[in-house]
Structures are given as structure tokens and as C-alpha cells.
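Comments concern the structure below.
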Number of protein chains: 2
Amino acid sequence: MARSTLFRAVLALAAAALAAGAEGARGRAGASRLLAWRGGRTEKVAVIGSGNWGSAIAKIVGQNVLDKPGFDKEVRMYVYQEKVNGRDLTEIINTEHENVKYLKGVKFTENVVACADVGEAAAGATLLIFVTPHQFLGSLCKPIKGRCARGARACSLIKGIEFDANGPVLISDIIKKKMGGMDVSVLMGANVANEVARDEFCESTVGYRKEANGRAWQRVFDCPTFRVSKIKDVAGVELCGALKNVVALGAGFCDGLGLGGNTKAAIIRVGLGETIQFCKMFYGGIKDQTFLESCGVADLVTTCFGGRNRKCAEAFAKAGGKSGWDKIEKEMLNGQKLQGTITAQDVAKVLRKKGVAHKFPLLSKIHQIAFEGAPVTDIVKF
Amino acid sequence: MARSTLFRAVLALAAAALAAGAEGARGRAGASRLLAWRGGRTEKVAVIGSGNWGSAIAKIVGQNVLDKPGFDKEVRMYVYQEKVNGRDLTEIINTEHENVKYLKGVKFTENVVACADVGEAAAGATLLIFVTPHQFLGSLCKPIKGRCARGARACSLIKGIEFDANGPVLISDIIKKKMGGMDVSVLMGANVANEVARDEFCESTVGYRKEANGRAWQRVFDCPTFRVSKIKDVAGVELCGALKNVVALGAGFCDGLGLGGNTKAAIIRVGLGETIQFCKMFYGGIKDQTFLESCGVADLVTTCFGGRNRKCAEAFAKAGGKSGWDKIEKEMLNGQKLQGTITAQDVAKVLRKKGVAHKFPLLSKIHQIAFEGAPVTDIVKF
């Protein structure tokens, strides 16, 4: 089978990284063994969420369960019901196989079935993909818990972070708690939803706690255009996915001010440095290799050049910081919410509470510009 | 003194990085102590080279020697003589204080003096900045050696790599040998010449062998818009500067093919991974921190989005690989040469000779596309 250069490059790196703790989809043992179905029960996958990213991943997963053995061929997707041109969104998806509101122009395989009832979506599922804004988890987890299969495992694709009196709280830990101790992996990486949906090549990283579950999730997601490696570092992988959205706001401010690539590269570099520092300050077991995986440097780069947080921050800067985020989201995101602004606020609270904001000057300044009236130009007044 | 956010961010990271082996311009000891002149002899700086990057750095250095104590106020710059509209380029520079051919629209301070004779340019210099294409070193070093001050030290800004029967040879080591064992540091970083010349903020990294010389070079280059950190890792810093130009060809191929940010981010990530692998395969004492400095991830990012190698590779891809590099250079670079294509060839030779090309599939494929007729689309046939 002919394989592309980049794919082989990824394989070589993955092989090299094995010793360092990261495992590529086709590491030493070869494709057929590592990703082959080892038998056992049939897995049934459900996707909880159907926004831009949820729809893109449902497209990937819908195809994968058809292509690989060991999966129930139906993938249910929970859809928050709304009317589009007078029709229920679920009805549109189930007849036209397209989420016309959040991922227009991309067809699902027909085995992807939209459900407006989250319990029905999760019924019998052994593998639950969480891909909703994290503020909706509270109301969703209870009905899922009552209906999913015994021994089900979860994977969070949610990019964000919560916090409590003791510091940051991983979304994966919130899901774990709400789901009665369920094992929760995470999937993060350089994967802007629209590009993934168009089958453009990209990579992603599964962060796992239990090896068998990391392998199971790798099988669910990995396909020729969406290459998934895995690493035993849930916190590092998840925090990369959260913090890069904040750094992307800074990159967007640069773009809005019309600055050059040097400045933006400096912001990306400093942002990566503060991300590493944040992870190690609040969690143990963080692996350096995590930041060189797709979830680290690659996701940061692609988000700082292509994602919605960058785009909205650019608009914010062009409006001189006078346009509110709600207005920008409404005008530019068709009803979707920015994660970067939510995360920037949460991170700022955590850092201030712990008295370490001065050690994270970039993340802190982005918050001040975004929410406290600091002039946008502050980020580049050298 | 008011300092910008990003600058403070850099400071905080620099402080955090001190323990890890990298030293920011204003680390623990504070700006005034670390960068202050400690007395001793007056340093006389010469710039050997006057292309786009040489001219940009001469602008920075010319201002710095005026602003800081301990420097002879004249900075001589070796200029390869040529006629521009019937006038000698040196004469234009010395009357209009502008390199109208390679850095149009940017004025030098008047203490930057162009010399067409390299020996005259280097006469009495204690600090020699090498910033010419590396193929010119052979003819330049001898006259410099005869005229520079006793105990002079060098800093190479040359991005490239040579090789001999035993593997890669650092340009800094070539200079060291040609200059009779002179200590040679290197300066690399996320600094596209035109942006540096416009005083847009950027960062850079000095790689040094001797602490005192690293400090001296930091003083020569560091200024508010051009922030210089230093790290004791000449090989790592220098190889980052060489290999990123090759990776940028791959990024340019992506752009020329109209691919999205995910693919480009994957190429950048794999390119960084192969760079780290290359450094560690051929040199000892490589520091992981080096790749998180400006010379590492930041330079790679800015070069893959903004530099001339990316731009020319994009043109190459758009022409379907049918337009020769000589023609592209002539049309797009006003007589300047690409480093990435030269380095790609040198790297490919080294890797093949050592029998390890298969461990560097991305670097190898870029070479095949650029020089061996492989279709440009090969880089993204997944």
C-alpha cells in the first residue's frame, strides 16, 4: 500500500518516540497488530455533541466503524434540537446526512444517526465521545450514565478547563466524576474541524490512563487522513488543548494589529513555554514528549494561524477592543461559542488565586486585553 | 521604564529557563548587571556580509554600539562590490546609509561604514560577525585573519551546513578552523530580515561555548526590539538555523498546493522532530531546551510562514516543479540565494552516506521533490 511521505515521516517519528513514551498508530509492532481488533465484545460508539468539531469527528468515526471489525455499525450522535428553516436539525441530519448548520457541505455516512434525546443517543454505548461545550456537561451526564453500557469508557474532545478552590480541574476528571468513576481519555491535536471534515491530512493525540483504553480510542479515531498517536499523559494532552486557545487570542491580536511573523512566532513560543510551565505547576506525571506531539506544538501552530479564536481575536483587535465578545461570536461564529475566551477567564482566576499570575505574563495579559479593557496594542508595545 | 507584555513574558520564561540551561538577556541578576559593560578593552565590531540579513543585523549593531558603553563607535561592514545604477554599492551605502539593493528603505546609523575590501572591513576588529553565504567563507577568512585584532572572537549568523566524509560539519567549526582556532558563537532565531529591519519585535538565541563570549555577543545584539537569550549549545542552535530552511521548503510546497493549516502544522511538527533527531544523532551535548528557544520552534514557525525559502518553494509547487531553482531565485530574490535548497542537498548527502535517510523521511522527501523530480504532490498524498 502506497503511503505518503508525511505519513512515513510520522511513522518514523512515532517509532523514535516510542522509547520516549509516545506511541504512534503503527509503532514497532506494525499496523496490523497494534490497531487490529483483538476480539472481545463489540464496541458501540456514541458521539455526545454535534457542533462544528463534533460533526467533523462523527464523520470520521462513522466511516471508521464501517471500515473496521469489532464495532456496532450504528453511531448515534446527540444533537441539541433546534429548527433550521422550520425543520428539526435531527430530521435534516437523518435524511440528508449533513449537519447543515454547523458543518455545511460535508456528508456523514448513513450510519451516523442524530438523536435529540441524549439518553437515547447513549443507549448501549460502550465508548462515549464527549464533544460539547463543557458548560453543558452537568445536564448531559446523568441521562447518559443511566443508559450507556456497563463498563463504558469515555473520551473527551472538549477543549477547556474548570477550576475549584484548589486550582484547575480537568474536564476529563469532571466527566469521570459525573460518570461514576468511568475511565476517561482525551483526544487533542492539530485538527481544525473544517479541514478534518474535508479529509485533509492531520494528526491527533490520544492521552490515556489505561493502555487498553488508549488503544481502543486509537482504533476509533485513526484513519489514513486523521493519524492518531497516543501517550500516557491525560493532563498534559488535555491542558495543551485548553491553553492553546488562549494563546491563539494573543496571535489574533497580533494579526489584527497587522504585525509580522516574528512577533507572532515569539507569542507562539512564549505561549508554549507558559503552557509547559502551567502543566508542570499544577499536575504531576507530565511528559516532555507531550509538547512535541500533535496536541502540543502542532495544535498550537494551527490554532494560532487557522482557528476561530485567532479569527475572532483579530476582529476584536481591529475594532480596537471596543466590540464585545458576544457580538463578535454572534457575527462570526453562527451561534458557536469561543473556547479561548472562557478558558482565558478560568486560567486568569486560577493564576490569581494561586498568586502566580506574574509567572504567566502572556496568558495574564491576553486576559487583561480581552476582559479588563487593557489596550490591544499593549501586547506589542515593546 | 515601561516594558511590554511580551517582553515581560520572555523575561519570565527566561528566568524559568535559567535552571534548564538557557539564559535570558535579563535573567535573575537583572538587566543592569547581566548586560552591563564590565570594563576591559573596547570592543570593535565588524560585519562580514551585507545581504538582506547582514544589512538588517548591521542596522541593529550600528545602533547598539552607539547606545552602549565599551564599543568602538564605528562598525565596518564588508560589502561585495557591485554596481547599482552605475554607482558602487559601497558608495551608495556610505553616502545614503542604505543598502538600496538588499534592504531598500531602511537607514543605517551613520557609523556603519561599507568596505569593499574584507581585510579593511575586519581591520582591528575584536568581534567578527559572519553573515555571508557559506560558500564565500573560503576566500574571506584569510584576509580577515591577517587584519583582525589578536584574541578576536566570531559569531556566525550563517544558516547552512557542510559535510565531509565523517558527517556534518558546522559552519561555526569551519570558521573556527579557518580563523586559527578562534572561538565562534552563533546567533539564530525567529528573525526574518525585513521585519527585524523595520524594528518589529523579535527574539533570537546566541549559542556559545565560552560564557564570557556568549555574554559579549548578547550585548552586541540585544536591544528592546531584538531580544537575545543565550544557551551553551552551539551545535543545537546552529543546526536549528540550518534545518528549518529545509522544512520551510516542505511548508512552501504545502502552500503552493493550496493545503490547509493542519497539514502544514503536521509538517512543521515532524520537521521539528527530525531536527531534534538529527542534532542528537550527530552531536553530543545537545540541550532539549534549545528547541524551545527562539532558534528552535519560533524560528521554524516564522520561516515556514514568512521566509524566502517558503515563498520560493510555493512558487516551485505552483509551477508543478517544472521551474528550476535558479530561475525562481533570479525572479523572486533579486540575486540572493536560497539557503534551504543548498542545505537540503547537503543534508540528503549526509543522511545517505550514513545510511539513515529512512529515519528522516520528511527531510529526504523534500530533497527528492526539490532535486530529483519527485512530484510536488507526493508530499501530501496521504
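Residue numbering: from 1, along the chain as shown.
Glycine is no exception: its Cβ is also placed from the backbone N, Cα and C atoms.
Quick look at what TrEMBL annotates:
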- B:1-24: signal peptide (SIGNAL)
- B:44-211: domain 'Glycerol-3-phosphate dehydrogenase NAD-dependent N-terminal' (DOMAIN)
- B:Gly49, B:Ser50, B:Gly51, B:Asn52, B:Trp53, B:Gly54, B:Phe136, B:Ala193, B:Arg308, B:Lys337, B:Gln339: NAD(+) binding site (BINDING)
- B:Lys159, B:Arg308, B:Asn309: substrate binding site (BINDING)
- B:233-380: domain 'Glycerol-3-phosphate dehydrogenase NAD-dependent C-terminal' (DOMAIN)
- B:Lys244: active site, proton acceptor (ACT_SITE)
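Here the features listed in TrEMBL are placed on the structure.
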residue  : record                       : CB count, 10 Å
B:Gly49  : NAD(+) binding site          : 26
B:Gly51  : NAD(+) binding site          : 21
B:Trp53  : NAD(+) binding site          : 24
B:Phe136 : NAD(+) binding site          : 16
B:Lys159 : substrate binding site       : 27
B:Lys244 : active site, proton acceptor : 32
B:Arg308 : NAD(+) binding site          : 23
B:Asn309 : substrate binding site       : 25
B:Gln339 : NAD(+) binding site          : 24
Fill in: recorded positions clustered about B:Lys159 (substrate binding site) [Cα within 10 Å; pool: B:Gly49, B:Phe136, B:Lys244, B:Gln339]
B:Lys244, B:Gln339
Fill in: Alpha-carbon spacing, B:Gly51 (NAD(+) binding site) to B:Asn309 (substrate binding site), which is rounded to whole Å
15
Worksheet item: Inside 8 A of the center formed by the CB atoms of B:Lys159, B:Arg308, B:Asn309, which other residues of the chain have their CB, for the recorded substrate site?
Response: B:Asn245, B:Ala248, B:Thr303, B:Gly307, B:Arg310, B:Leu338, B:Gln339, B:Gly340
Worksheet item: Distance between B:Gly49 (NAD(+) binding site) and B:Asn309 (substrate binding site) at the Cα atoms, whole Å?
Response: 20
Item to complete: For B:Gln339 (NAD(+) binding site) and B:Lys244 (active site, proton acceptor), determine the Cα separation and express it in whole Å.
Response: 10
Worksheet, complete the sentence: CA pair the residue listed as 'active site, proton acceptor' / B:Asn309 (substrate binding site), Å rounded to integer, equals 9
Item to complete: Report, in whole Å, the straight Cα-to-Cα distance of B:Asn309 (substrate binding site) from B:Phe136 (NAD(+) binding site).
Response: 20
Worksheet item: So, by DSSP, how many helix, strand and coil residues make up the domain 'Glycerol-3-phosphate dehydrogenase NAD-dependent C-terminal' (B:233-380)?
Response: 117 helix, 0 strand, 31 coil
Discussion item. Using the alpha carbons only, what distance in Å do you get between B:Trp53 (NAD(+) binding site) and B:Asn309 (substrate binding site) once rounded?
Written reply: 14
Worksheet entry | Local confidence of the prediction over the domain 'Glycerol-3-phosphate dehydrogenase NAD-dependent N-terminal' (B:44-211), expressed as mean pLDDT | 94
Item to complete: Could you say whether, by DSSP, B:Gly51 (NAD(+) binding site) belongs to a helix, a strand or a coil region?
Response: coil
